[in-house]
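Colleague: Handing you this structure, nothing more for now.
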């Protein structure tokens with residue numbers, strides 16, 4: 001069996017990101033799980049991966065450029081989800097204080113302070129409110145970003 005070609009792989013990435021983002025929005029609007037700042041950062045990186053995969057579907061000549069951009073986005077997602085997993089495993093006395101909602105921060109805080117909070121996270125990011133097979137959403141997100149990074153690394157090193 002031959003491995004999937006570049007277009008098939010990018011289509012699979014677009015479908016995967018669409019599924020992940022759909023589930024994230026489902027949990028937010030139907031299960032009422034408010035996303036923490038690091039969750040919002042991870043959503044941004046998922047959207048970037050999906051965008052680069054979608055563009056690569058139609059702009060095949062530069063597929064390596066889009067693979068590198070998607071790989072960089074996957075590494076950003078690994079960093080943010082890794083930070084969330086780290087915060088979730090801290091002892092309670094070391095967990096940072098909870099901050100205001102992202103909506104409130106965007107309305108009242110300077111943009112630079114909001115971005116720093118989105119990158120660092122806060123006490124809300126340490127709270128585990130959802131698990132599947134004993135893994136938190138942050139841990140599942142880390143696994144997904146590692147999978148995306150593996151796929152895009154393979155895209156870059158394979159012969160075309």
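A Cβ is built for glycine as well, from the same backbone N, Cα and C atoms used for every other residue.
A TrEMBL annotation is a machine prediction, not a hand-curated record.
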Colleague: Please verify against TrEMBL: do residue 6 and residue 32 share a side of the membrane?
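Modeller: Residue 32 and residue 6, as annotated in TrEMBL, occupy opposite sides of the membrane (different topological domains).
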Colleague: Please find, within the list 12-29, 102-119, the residue stretch that TrEMBL describes as transmembrane segment.
Modeller: 12-29
Colleague: What are the sequence-distant neighbours of residue 36 (disulfide bond), meaning same chain, six or more residues apart, C-beta distance under 8 angstroms?
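Modeller: Those within reach of residue 36 (disulfide bond), by Cβ under 8 Å and sequence separation of 6 or more, are 84, 121, 122, 124, 125, 127.
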Colleague: Quick check: in three-state DSSP terms, what is residue 36 (disulfide bond)?
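Modeller: For residue 36 (disulfide bond) - judged by DSSP and reduced to three states - the answer is coil.
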Colleague: Express the predicted model's confidence over the topological domain 'Periplasmic' (27-44) as a mean pLDDT, rounded to an integer.
Modeller: 89
